[in-house]
């Protein structure tokens, strides 16, 4: 039945183009006999038709073929220019085979003869379902195009960021190979530079790994032991450049286990803390980053607060964009907060940011609990 196929629709808006009063009432009564919710408007002349297209915005158009002031084919052409996806069905007295073929070529979805109005219900059902499926396909294709462009940009930026560290290492190796004498001081300096390069490369690899897990459909959910999680997190944070220049406090309370994907959750925590350290305010004698988490039955709450340089108001709505860099202090690819937001979207989580320039930033996130009874593919794709 039509009602069963349109359960997601509250009301179908139908525009009927018909100059004959009796035929209009005939079509309207047929629609009323079908058990579904609809709202109908009538158009007789072209001006009225155009007005309804703009203001009423119909979900479906039913049109006579022969009209006194403009033809059904003209109405079809106008409708397709206005919105190509709006289904158009001719409801007419007679329509020869050649004209029927011509209407389909011009973009009509179907035609029903007035002496066979019992065919109207299946025709409406079919065309509305076709349009719904086409809209879904177009939405999916548009999302895919966006993702492809993002990945193209990602490959370009990552390759650019990798090239810099590689050139640095090559330069140091060249100095070592062609220098007649390398003092302990020189070697120590070279080692420090290589260590910095290594940390940057590790950050790039971490970002790439995050993307791998984000786009992987087969995500492994585990009951994560937060004691071990924070131990590993603390070890990774200690490798961040200038880590020792910040007073870091890392705490959690509540339940010891939280069901999620370990690598995705780790990326969220690490990226937020990494950002807080990178954007510390070196003019302040006491620099602090406070990371506090709480696990309850409903989910995991995390707050990362710092007294760093803060974020200017006019760019706060851009911080979660791909490749966004808050200032020249950032030497990374500008992916940290973008990855964090993408992961949270996939975990059905939320993130809010409050920041004042020269005062600091506070970021709050919430990730709902994933029940052990829910399948792996429950996670948002």
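Cβ coordinates are placed from backbone N, Cα and C, and glycine is handled just like the others.
The coiled coil annotation in TrEMBL covers 130-157.
The feature domain 'Response regulatory' is assigned by TrEMBL to 13-129. Mean pLDDT, taken over the domain 'Response regulatory' (13-129), works out to 91 on the 0 to 100 scale.
TrEMBL lists 157-371 with the feature domain 'Histidine kinase'.
The 4-aspartylphosphate annotation in TrEMBL covers 64. Summarising the environment of residue 64 (4-aspartylphosphate), the number of other Cβ atoms within 10 Å of its Cβ, over all protein chains shown, is 22.
Helix, strand and coil counts from DSSP across the domain 'Response regulatory' (13-129) read 60 helix, 24 strand, 33 coil.
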